[in-house]
Amino acid sequence: MPSRKFVEGEVVRGRWPGSSLYYEVEILSHDNKSQLYTVKYKDGTELELKESDIKPLKSFKQRKSGSISSSPSRRRGSRSRSRSRSRSRSPGRAPKGSRRSVSASHEGDVKEKKEKEMRREILQVKLTPLVLKPFGNSVSVYNGEPEHMEKNATPYKDKQERIILSTEDRYIVTQYSLRPRREEVKAKEIESEEQNLVTKGPAPLGTFQVTTPQRKDLEFGGVPGAVLIMLGLPACVLLLLLQCRQKDPGLLHFPPPLPALHELWEPRVCGVYLLWFFVQALFHLLPVGKVAEGTPLVDGRRLQYRLNGLYAFILTSAALGAAVFWGVELCYLYTHFLQLALAATGFSVLLSAYLYVRSLRAPREELSPASSGNAVYDFFIGRELNPRLGAFDLKFFCELRPGLIGWVVINLVMLLMEMKIQERAAPSLAMILVNSFQLLYVVDALWNEEALLTSMDIMHDGFGFMLAFGDLVWVPFTYSLQAFYLVSHPHDLSWPLASVIIALKLCGYVIFRCANSQKNAFRKNPTDPKLAHLKTIHTSTGKSLLVSGWWGFVRHPNYLGDLIMALAWSLPCGFNHLLPYFYIIYFTALLIHREARDEHQCRRKYGLAWEKYCQRVPYRIFPYIY
């Protein structure tokens, strides 16, 4: 392996891409695999340069005229006309000893010509917009990531957000990839793409809009992984529900016998599910609740969201109470639970197909950063980032409304069915704990609905099969598995053991809520005196990473709290079977995978600052374990 010539922190001169100009830069890091140095210019720009494009400071002689600029953002066009030119840069210098005979008007023409040549040289730099993947969520299934322990003091400083053009430069770039200058002449189609990255409007102030590139490094195993997930998840839901209905749901009786096809389909059940979905959509459209703005998109826009999830939950609860009072048979949902899950699955597939077809006509800047250009993968991950019908945001609505509120409704039905089947005058203590724990989780998510706007689901992932199936099928029908299990497999829970489980639940909830609240408070106002005791690491993006408090304990304290709560609402089911613990097993695997995605993205975005953060906070989720 070739030895490195420069070390981190060393100040050197780096060649500006596509030109012969060298500027003062600081070495941030070195990639042994690609043999590229990550450097930072004085204006904050970070590039990857080859070693041949970096020179030590001593190899440059300082000129009195200051012909070598200290920052790539400084242009010679801003110099005073009376300042003498560098000998190497003078376009028309008279022989030594002679007097300049050029008129003032001719001098201006020569200077203007020189400025145009320099601008044309710099504009030939090949530009590759870098889309940094935002992520994090503090509610529901997916919870906050370290990404949102940050606060950007300058709202549009990030390269993926709005970039303001100076009157002097008339152009801007986001992230660059250095190419040999022999390749500056490209095909016409490449040149036309570059023109989209340069703003040349006559207005003194312009806005540069970055288009959303498509990913090349596919997640979830790429296309084969997406196909397996799309086939495997519906089969998994079906097998779980069938197994739970058996008298003995142990592993020795797996797989369960499959019912006849006519038992899996009933048109009336489909009508019930559609009614539920559209009633929740109607609640979402009610003009009540706060209207919040989302994070800036790549073109600088901020979408508006109506935050009335808690109102929808209250209206749903009132409607259910009225239904019970009027004698509506809610047990219908239990007796047709399997058909209801299949109806929701079919609806999610049709919704995913609609979303993909409509995304084919969506502008490029509205596509998801996770999209790839492959039809199968994009159907799975989602091609359009924020599909909307007018002001109705389909992805935001499905994240918390039909599935999460439906989860609570299913739990209530299971509680009523336990009393009916087991001939109880009151629900069992185990059923009460399961319902109470999960109700608290859902209400907390709806109460903090605004935190969803900074989640990976909203900011990064498109709306496709992955989120549609997860929100509409996976959450309500697998997260309610403990209550479904207790209907046919009762478990008598003693009060001392119940007290321990309650304490465990409260411990997990305190960690989960305090970590997310601390993160959200720091993101909104990092100068809050209440947060003055927290230590941070500043990053080159202008944001800071928390390295004390809950976020100095582990990198994902909210994940830790989430997993403790998941264990607490599985324990009331006892230890006779493994089935009630499916959620904690699945959720652990999900959060470990999610943490790995977050780690990869943060390392690319923050570079050396993220390395320092990992040294300060070595444990990812489980302290002293992982």
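Cβ atoms are placed via backbone N, Cα and C, with glycine included.
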Selected residue, Swiss-Prot feature phosphoserine, from candidates Ser65, Ser103, Ser540: Ser103
Of 395-415, 458-478, the range Swiss-Prot labels transmembrane segment: 458-478
For Ser59 (phosphoserine), nearby residues of its own chain (Cβ under 8 Å, 6 or more apart in sequence): Arg13
Leading contact stretch, 269-289, 310-330, 427-447, 492-512, 572-592 vs the transmembrane segment (337-357) - CB distance under 8 Å: 269-289
Taken over the topological domain 'Nuclear' (1-221), the model's mean pLDDT: 53
Recorded stretch that, among 310-330, 427-447, 492-512, has the most CB pairs under 8 Å to the transmembrane segment (269-289): 310-330
Tertiary contacts of the transmembrane segment (492-512) (same chain, 6+ residues out, Cβ under 8 Å): 143, 428-430, 433, 437, 440, 444, 550, 557-558, 560-569, 571-572, 574
Folded-back contacts onto the transmembrane segment (458-478), same chain, C-beta under 8 angstroms, at least six residues removed: 133-135, 137, 140-141, 220, 229-230, 233-234, 237, 240-241, 277, 294-295, 337, 340-341, 344-345, 347-349, 351-352, 355-356, 359, 367-371, 378-387, 394-396, 398-399, 402-404, 406-407, 410, 452, 582-583, 586
Other parts of the chain folded back onto the transmembrane segment (310-330), taken as Cβ under 8 Å at six or more residues beyond its ends: 280, 283-284, 286, 288-289, 401, 405, 408-409, 412-413, 416, 442-443, 446-447, 449
